[in-house]
C-alpha cells in the first residue's frame, strides 16, 4: 500500500498542476479576446492609411464598381439578356481582368484582349467552315490538327522578346478563345453564333473599361513614371546628405545594430535600387497611352528608363557610402574632424545638383546652364587640399617604418642565437643524454625570447595603428568623390530627356529647392496583379 503521506503529496501536486493549467488557459483566452477586440480598430486604421497615401486608389475602386454595375445590366435587364443571353457574363469577366489602375495598363490589356479574341474568332470560323465541308471523321482530324499547329506556333511566338513584352497577354487570349470555339464547333452546329456572341460581349466590356480609364479621372502611367523619377532624385540627395551628417555627427555603430527598414538613409535609395522592373513596366504602359499633355508632345518613355538606369549606377555608390557607416573598423572622431567641413560642403553641393535635376523634371524645364557651379569644384578642391595636408595619416612616417624594420631584425637575431648545431652531438648514451638536456634548455630559452618578443610586436602594431585607422576614411572620401564623377552621366541623361520631351527653356530665377516632408509611396503598389486570364 502507498503511505498516506505520499498519497497526499501526489494529490497536492495534481491540484497545483491543474491550477497552473487553468491559469494559463484563462490567460490565453484573455489575450485572444484582446486581439479580437482590436481587429476593428486595426482594420479601420489600415483602410484609412491606404486611402490617405494615395486618394486615387479610392477613385479607382469606385470606377471598378461602376463598370461592373454597367456590364451587369446586360445580364440583369431582360431586353439585353434576350438579345445576348448567357454570353453576357463574358463582359463582366472582361471588366474584372482588363480594368487596371492606369490608362496605359488598361489600354494594353484591353486592346490585347480585343485583338486576340477577334483574330481567334475569325481563325476558328475558317477552320470550322473547312472542317464542315469534310466528313465527320475528317472534321475531327482537321480540328485536332489545327489545335496542335496553332497552339504550338502561338506558344513559340511568345518567346520572341518583342512579342513577349508587348503582346503576350493577347496571344494567351487568342489561344484560349481559338480552342474554345474550334473544339466546340465539333459538337455545336452554329459555331458562328458562339464566336459572334463572345466577340460582341468582350468588345462591350473592353469599351466600358477604356471609357472609364480615359475619361473618368484618368491615371496615366507616364505621369507615374515621371513623378517616380523626381522622387528618386530627391531620395538620393537626402541619402547623401544624411550619410555625411551621420558620419561626422552621429554615433557610428557596427552592422546589425540598426534595422535597414528603419534607417532613413536606406529609405532614400531603396526606391532607386528596386526601380528597374517598375520603370520598365510603367514605360511599357506609357507607350500605349495617347498624347495627353497640354502641347501634345511625344512622351519619351524609353529615355526615362535610361535615366533610371543611370540613377541605379549612382545609387550603388550611395550604398557603398552607407556601408562605410556600418563597418567594424572606424576612423577616430579626432581624425574625422579634420575633414568634416570639406566633406559636408561637398555632399551639400552634390545634393544641390540632384535637387536641381529633380526640379527641372518636375517643372518640365531644362536644367540651369550653371548646374555644375564653381562651388562644387571648390568643395572638391578643398577636400583634396585637406587630405594632402595630412600625409602622415595615409602614407605613414618613414622613421616609424625603419623602426619597425629594426625591431623585426633584432627579433630575428635573438631567435637565431638559440639555434643548436647537430654536428657536435656524440653517438654514445651520455652524449645523447647531454644533448637532450641542452634541447630542454634551448626550448626554455626560446619561450623566454617569445615572451620578450611580444611587447616588441605590440609596439610595431601601435606604430601602424594610426595608418590603419585612416583607411576607412580614405574609402569614405573616395566614394564621396565618386558621386561627383557620376553626376556628369546623370546630368547628360536628364538633359537628353528634356530635349526629347520638349521641356521649356530655363529662365533665370526658376531654380528653387523643393523639400519632401511627406513620405513618398511606391507607385507600383497601385498595380494589382492579375491572377489568370479568365
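Positions of Cβ are set from backbone N, Cα and C atoms, glycine also.
Any TrEMBL annotation is an automated prediction that lacks curation.
From the options 28-46, 199-217, 218-236, the stretch TrEMBL describes as transmembrane segment is 199-217. Between the transmembrane segment (137-157) and the stretches 115-131, 169-187, 199-217, Cβ pairs under 8 Å are most numerous for 169-187. Listed stretches 58-77, 89-108, 169-187 were compared with the transmembrane segment (115-131); the greatest number of C-beta pairs under 8 angstroms is found for 169-187. Sequence-distant contacts of the transmembrane segment (89-108) (same chain, at least 6 residues past either end, Cβ-Cβ under 8 Å): 56-57, 60, 63-64, 67-68, 71-72, 74-75, 166, 169, 197-198, 201-202, 204-206, 208-210, 212-214, 218-222, 224, 282, 284-289, 526-528, 530, 532-534. Packing against the transmembrane segment (58-77) from elsewhere in the chain are residues 51, 84, 88-89, 91-92, 94-96, 99, 101, 201, 204-205, 208-209, 212-213, 216-217, 219, 526: each is 6 or more residues past its ends and has a CB under 8 Å from a CB in it.
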